[in-house]
Amino acid sequence: MPRVSGGDHGGSLTWSVMVTCIMAASGGLIFGYDIGISGGVTAMESFLKQFFPHVLKKMVEAQQNEYCVYDDHSLTAFTSSLYIAALAASLAASKVTELIGRQKVMLLGGFLFFAGAATNAAASNIAMLIIGRMFLGFGVGFTNQATPVYLAETSPAQYRGAFTTAFQFFNGIGVLAANLTNYFASHIPGWGWRLSLGLAAVPAVFIVLGALLITDTPSSLILRGRIDSARAALKQIRGADSDVDAEMKEMMHSVEQAQINNEGAFKRLLRREYRPHLVMALAIPSFMQLTGVIVIAFFAPLLFRTIGFGSDGALIGAVLLGSVNLTSILVSTFTVDRYGRKVLFMIGGIQMIICQVAVSWILGAQVGRVSDAPMAKAYGLAVLVLVCVYAAGFGWSWGPLNWIISGEIFPVEIRSAAQGLGQAVGFVLTFIQTQLFLSMMCCMKFGVFAYYAGWVCIMTAFVTFFLPETKGIPLESMSSIWATHWYWRRFVSLQPELPK
């Protein structure tokens, strides 16, 4: 089979590694579909009539300004409840992943997501909705923890960024599919919302089938003492004619170093030499959430209705937003391993800051603090364009790079624990934001976008000064970037070289 030569231990781009990574990355469909579906469903009148009639009454009577029409904590609980379950799952997933492997955790996540989709589609009361959302949360928590790690451990170093970006690409496909589903389902009177929620079973089936067709990662198999299986798995993804001895030697050395100290992985994270890893495990997912993209993605239809779009126009705007995001992820896929991580972080950050400040200014000038008159159409379209440009900036920076960085910077002995901690932090912030965003918009009005722009300024500066460049560095050699960094070298020293 033809191969593209690589630069690390014969790490070549084989058909096997491409198929394996694509099937694993399909786990992003689960999270993406959920992000896209909830905001559209909460804007459907048939859904509001059955579960939240008081919100529908506010819409019809229009007694409040548009900023506050959807400010209802029971409505936002429908969206945010998923993330409490995802938080619990992400913490448990670290230990479960070490015991049963990345591949089986992805399989478990798919089954749980299927159960959640079925429960939500059949819901007859708010309690069933919440229970279904919690099943979905458990599924998201497990797959989001295991999939980026799986991709980082399987990919050749020189293509790792592109393959890990595939998780975000499938995430974008899920968002776009959900937005399209919402648009067509909104025209089905009475039960269209059931179709939107029930079709979440499709990405669940996709990830289950994908997990059944792939092997576990060599690193995970070595951690569980299955050396022969690890060698066979590495041979399969690198190619039958490749020499995997050198890569196996480094993997086994990393695992042996991890097992010398019998401390738990979470306790080990607190040691001084893992200080940069702990900081990144907390900072990267926190900053990703504070870009504001999660709440914009969740509540895009409600945002577009706030600025004067009709029901159909708001859903079409969400579809356009999803399309732009998906296209921009492709840009990242083809550039991240060529230009590196930090350049994309900085370009995307500047782009998001400008767009958020501009949206805040337009809303402040045209709508003000009380939206008692519709925004002029030209300004509404300008907001739509700016939100799309903002989504593009996120799509080729923080969107995929969050998963890339969190999957590649941690040594094997703390990889699952650090990934689980990062996911837990992300889910906590997602829960808080999805629960409070509509109240924030009601209280802060147009200033909510300036608030997120301020966070993007902080995180762009942080990445510029404190995040090392990881492009093309094998996972087993990643400690060198910390030992040579201007700040982190005070905590980390270079490990002795492996015997040749």
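Glycine is no exception: its Cβ is also placed from the backbone N, Cα and C atoms.
Among the features that TrEMBL reports, domain 'Major facilitator superfamily (MFS) profile' is placed at 20-471.
Sequence-remote contacts of a segment are chain residues at least 6 beyond its ends whose Cβ falls under 8 Å from one of its Cβ atoms, and for the transmembrane segment (12-33) they are 1, 3-6, 106, 109-110, 113, 139-140, 143-144, 146-147, 150-151, 154-156, 159, 163, 166-178, 199-200, 202-204, 206-207, 210-211, 213-215, 236-239, 242. Here TrEMBL flags 12-33 (among others) as transmembrane segment.
Look at TrEMBL and you will find 75-93 (among others) tagged as transmembrane segment. Long-range contacts of the transmembrane segment (75-93) within its own chain (CB-CB distance under 8 A, at least 6 residues past either end) are made by residues 34, 38-39, 42, 51-52, 55, 105, 126, 129-130, 133-142, 144-146, 298, 416, 420-421, 423-424, 427-428, 430-432, 434-439.
Distant neighbours of the transmembrane segment (105-123): 24, 27, 30, 93, 96-97, 129, 131-143, 145-147, 150, 194-195, 197-201, 203-208, 210-212; these residues of the same chain sit at least 6 beyond its ends, with a Cβ under 8 Å from one of its Cβ atoms. According to TrEMBL, the transmembrane segment annotation covers 105-123 (among others).
Below 8 angstroms of C-beta separation, residues 20, 23-24, 26-27, 29-30, 32-34, 37, 40-41, 44, 46-47, 50, 103-104, 106-107, 109-111, 113-114, 116-118, 120-123, 132, 136, 139, 143, 174, 177-178, 181-182, 185 of the same chain, each at least six residues beyond the ends of the transmembrane segment (191-214), sit close to that stretch. According to TrEMBL, the feature transmembrane segment maps to 191-214 (among others).
The transmembrane segment annotation in TrEMBL covers 278-302 (among others).
According to TrEMBL, the transmembrane segment annotation covers 314-336 (among others).
Residues or ranges marked as transmembrane segment in TrEMBL: 343-363 (among others).
Listed by sequence, the residues of this chain that lie at least six past the ends of the transmembrane segment (378-399) yet keep a Cβ under 8 A from its Cβ atoms are 168, 171-172, 287-288, 291, 293, 296, 300, 303-304, 307-309, 317, 320-321, 324-329, 331-332, 335, 344-345, 347-352, 355-356, 358-359, 362-363, 366, 459. Among the features that TrEMBL reports, transmembrane segment is placed at 378-399 (among others).
Per TrEMBL, the feature transmembrane segment maps to 450-468 (among others).
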